[in-house]
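What Swiss-Prot says about this one:
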BINDING   ASN13  Mg(2+) binding site
BINDING   THR53, ASP86, ASN105, ASP177, LYS213, ARG253, VAL254, HIS255  (7,8-dihydropterin-6-yl)methyl diphosphate binding site
DOMAIN    6-265  domain 'Pterin-binding'
Amino acid sequence: MSLAPVQVIGVLNVTDNSFSDGGRYLDPDDAVQHGLAMVAEGAAIVDVGGESTRPGAIRTDPRVELSRIVPVVKELAAQGITVSIDTTRADVARAALQSGARIVNDVSGGRADPAMAPLVAEAGVAWVLMHWRLMSAERPYEAPNYRDVVAEVRADLLAGVDQAVAAGVDPGSLVIDPGLGFAKTGQHNWALLNALPELVATGVPILLGASRKRFLGRLLAGADGAVRPPDGRETATAVISALAALHGAWGVRVHDVRASVDALKVVGAWLHAGPQIEKVRCDG
């Protein structure tokens, strides 16, 4: 078994209602400093979002979303950081790209805004297509009745890739994300994680976003049944990051960059020690 190079993507929510850190980085200066700190801890990419996609969140006015993300993206990009823009709106993505972002992370998988595919094709940037089967303007979070969640999510994602390519997007610029927690039950999420090698086998880079999600909190519930809160799910997130790397994921999107980077370093050292030990034995 080998450890594939993994992109650790730091989450930077410039929002007032995200599920784990809403309101913490609304001030642009605070947001930029947090982005810089995540890069110092090992993040390869900073994913900036100005609208929460948590269950039940009210949609943010596009003008507010723009006002939140543009100054942050501009400053981080000016400092040489690879920035991703987390949005479903083409107008917001365009402004972010003009401000220096190089990746569009679209949780709707291109379904929310028909102008997104032409924009990405014209800009020639990377595009993350996430799976969210019931995504709509109202954003229903009820989990669909999948007959085979792995096969159906895989098919939906590949259909999205085909549609993007047909719209002129470079296939080599696409990344797919199974959308853990988006209109999926905990059982669906675990099935998708277990089937990561099958998703990797599609040949399209895979991004996983399990960080701090509720299905981890449920798994780690206390003896009283209380779901563990988001800030108590970092160890579980780091374990998923390490396992994702072992199974060939392209990237992991996390809130606590250091924990996942540390986990990846430990697993990498463990795996790479074997050949070195054999060499020492032979030389001795």
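Each Cβ is built from the backbone N, Cα and C atoms, and glycine gets one as well.
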Cα-Cα distance maximum in Å, computed over every pair in THR53, ASP86, ASN105, ASP177, LYS213, ARG253, VAL254, HIS255 that the record assigns to (7,8-dihydropterin-6-yl)methyl diphosphate: 18
ASP86 ((7,8-dihydropterin-6-yl)methyl diphosphate binding site): tally of other CB atoms within 10 A of its CB: 30
LYS213, ARG253, HIS255 as binding-site residues, winner by CB count within 10 A: ARG253
Binding-site residues (THR53, ASN105), the one with most neighbouring Cβ atoms at 10 Å: ASN105
Close in space, distant in sequence - ASP177 ((7,8-dihydropterin-6-yl)methyl diphosphate binding site), Cβ under 8 Å, 6 or more apart: VAL128, LEU129, MET130, HIS131, ILE206, LEU207, LEU208, GLY209, ARG253
DSSP three-state assignment (helix, strand or coil) for ARG253 ((7,8-dihydropterin-6-yl)methyl diphosphate binding site): strand
The residue listed as 'Mg(2+) binding site' and VAL254 ((7,8-dihydropterin-6-yl)methyl diphosphate binding site), Cα-Cα, nearest whole angstrom: 11
Cα-to-Cα gap, ASN105 ((7,8-dihydropterin-6-yl)methyl diphosphate binding site) vs the residue listed as 'Mg(2+) binding site', nearest whole Å: 13
Rounded distance in angstrom between the Cα atoms of HIS255 ((7,8-dihydropterin-6-yl)methyl diphosphate binding site) and ASN13 (Mg(2+) binding site): 9
